[in-house]
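*Asks:* Mind looking over this structure? Questions follow.
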Ligand code: HSE
């Protein structure tokens with residue numbers, strides 16, 4: 001374990017703080033707009049001028065709706081790491097590898113402070129970046145990487161720093177929440193809503209990161225590292241929302257639940273950690289069920305701090321630019337924090353396997369034509385019962401496509417139990433397609 005102290009960038013408390021921004025997409029242009037619009041406010045809050053001196057982006061000529069004249073332009077973003085006029089490198093290109101990784105690595109090696117919105121980079125290269133940041137005494141801040149405009153990092157790293165949290169989690173991806181909300185409220189098709197999320201700048205360059213849970217997983221991994229300890233990213237259990245239909249949303253509602261993409265981590269005994277991202281049924285009256293559209297929410301629970309929930313826009317130009325600037329303000333004020341808010345370097349550990357975790361499950365089983373639904377419902381209860389899966393509630397309905405579907409809510413069973421029964425159900429001649437199983441997460 002190494003004890004570290006961080007340099008700050010307050011070489012002179014009144015000298016301007018000079019930023020070099022890599023990436024001029026939605027967030028990059030938002031940051032420049034915010035700095036220009038809130039020039040006086042930023043000076044007031046920090047006692048210093050905050051100015052952008054250099055930028056780097058792929059396309060020099062694209063009209064971004066902002067004046068870039070007077071700024072030094074680097075075609076190679078890595079040049080920002082070695083630009084003597086740049087105090088802070090602001091990395092807004094995205095991507096866990098390639099140019100973003102090289103720039104952040106080189107900037108830290110050069111002893112420069114780095115602010116990034118790049119959750120994939122921070123989550124996947126946590127150990128290496130933490131080490132570089134410690135070794136070169138260069139702060140690496142990433143408030144904008146988690147839940148857009150919500151001060152999620154600050155809440156966990158600073159707000160409840162004195163508590164030993166037991167659980168954290170919530171809705172950590174705006175695009176998937178926007179899609180689920182629109183599907184629930186308007187019945188619009190998945191692709192149609194996804195297109196709107198892309199147009200609004202919520203979705204990742206490759207929206208499968210949003211839909212398949214990886215974006216939320218990156219954020220959860222970062223929060224888990226701060227709250228509990230670093231985890232091996234690839235050991236996180238992640239499943240996406242592609243198979244959820246408006247029928248599922250309506251059937252869940254009938255049972256008293258909403259469907260949300262959740263990322264949850266729990267502290268387990270002996271320094272173990274449970275962490276997963278998946279679509280879940282949550283009680284319709286719970287606080288998180290009211291978090292809709294592009295909004296994200298993070299809940300923490302600790303023995304001293306109790307339950308805390310914060311909510312706000314998890315994506316988009318304004319909220320994300322504001323989160324980037326919260327880190328820049330910290331640097332301008334001379335605050336430098338170790339990467340995970342602790343001075344010792346901890347090696348990542350694998351997450352607890354999820355197969356043994358018990359919960360109730362929602363099962364949707366589509367039947368082939370001309371099968372008696374009522375009789376089948378009884379038969380399915382027996383088949384599941386024989387596998388030690390007790391059914392709490394069950395009903396059938398006709399889907400929007402005209403198929404008969406059986407909807408079951410099980411009593412608590414393990415994911416291993418569910419994984420064992422799904423192929424058995426799928427092989428039954430009266431069952432059409434692959435049954436869907438969703439975890440029920442009982443939240444207050
Ligand atoms: N694509 C992300 C989301 C952007 O939808 O939440 C913010 O990380």
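Just so it is clear, glycine is given a Cβ too, placed from its N, Cα and C backbone atoms.
Residues annotated as active site, proton donor in TrEMBL: 219. Taken from TrEMBL, the feature NADP(+) binding site applies to 22, 23, 24, 25, 26, 27, 28, 29. Annotation comment: TrEMBL describes 119 as NADPH binding site. Residues or ranges marked as L-homoserine binding site in TrEMBL: 204. Look at TrEMBL and you will find 23-143 tagged as domain 'Aspartate/homoserine dehydrogenase NAD-binding'. As annotated by TrEMBL, domain 'Homoserine dehydrogenase catalytic' applies to 151-329.
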*Asks:* In whole Å, how far does the CA atom of residue 119 (NADPH binding site) lie from that of residue 204 (L-homoserine binding site)?
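*Replies:* About 11 Å separates the two Cα atoms.
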*Asks:* List those of the binding-site residues 22, 23, 26, 27, 29, 204 whose Cβ lies under 6 Å from any atom of ligand 1, in sequence order, or write none if there are none.
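*Replies:* Correct list: 204.
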*Asks:* Quick one: Cα separation, residue 25 (NADP(+) binding site) versus the residue listed as 'L-homoserine binding site', in Å?
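*Replies:* Distance (Cα to Cα, whole Å): 12 Å.
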*Asks:* Quick check: which same-chain residues outside 22, 23, 24, 25, 26, 27, 28, 29 lie with their CB within 8 A of the centre of the NADP(+) site CB atoms?
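*Replies:* So the additional residues around the site are 21, 30, 31, 57, 92, 93.
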*Asks:* Under 8 Å Cβ-Cβ from residue 23 (NADP(+) binding site), six or more apart in the same chain: what's there?
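*Replies:* Same-chain residues close to residue 23 (NADP(+) binding site) (Cβ under 8 Å, separated by 6 or more) are 56, 57, 77, 91, 92, 93, 94.
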*Asks:* Give the number of CB atoms, excluding that of the residue listed as 'NADPH binding site' itself, located within 10 Å of its CB.
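*Replies:* For the residue listed as 'NADPH binding site', the 10 Å Cβ neighbour count is 27.
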*Asks:* Cβ distance under 8 Å to residue 219 (active site, proton donor), same chain, sequence separation 6 or more: which residues?
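*Replies:* Residues satisfying the criterion: 119, 123, 145, 146, 147, 152, 172, 173, 263.
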*Asks:* Tell me the Cα distance separating residue 204 (L-homoserine binding site) from residue 22 (NADP(+) binding site), rounded to the nearest angstrom.
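*Replies:* Rounded to the nearest whole number, the Cα-Cα distance is 17 Å.
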*Asks:* Among the binding-site residues 22, 24, 27, which residue has the fewest other Cβ atoms within 10 Å of its own Cβ?
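*Replies:* 24, out of the binding-site residues 22, 24, 27, has the fewest neighbouring Cβ atoms within 10 Å.
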*Asks:* Given a separation of at least six residues and a C-beta threshold under 8 Å, show me what packs close to residue 26 (NADP(+) binding site) in the same chain.
*Replies:* 201, 316, 317, 320
*Asks:* Please give me the CB contact count at 10 A for residue 204 (L-homoserine binding site), counting all chains in the structure.
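*Replies:* I count 20 other Cβ atoms within 10 Å of it.
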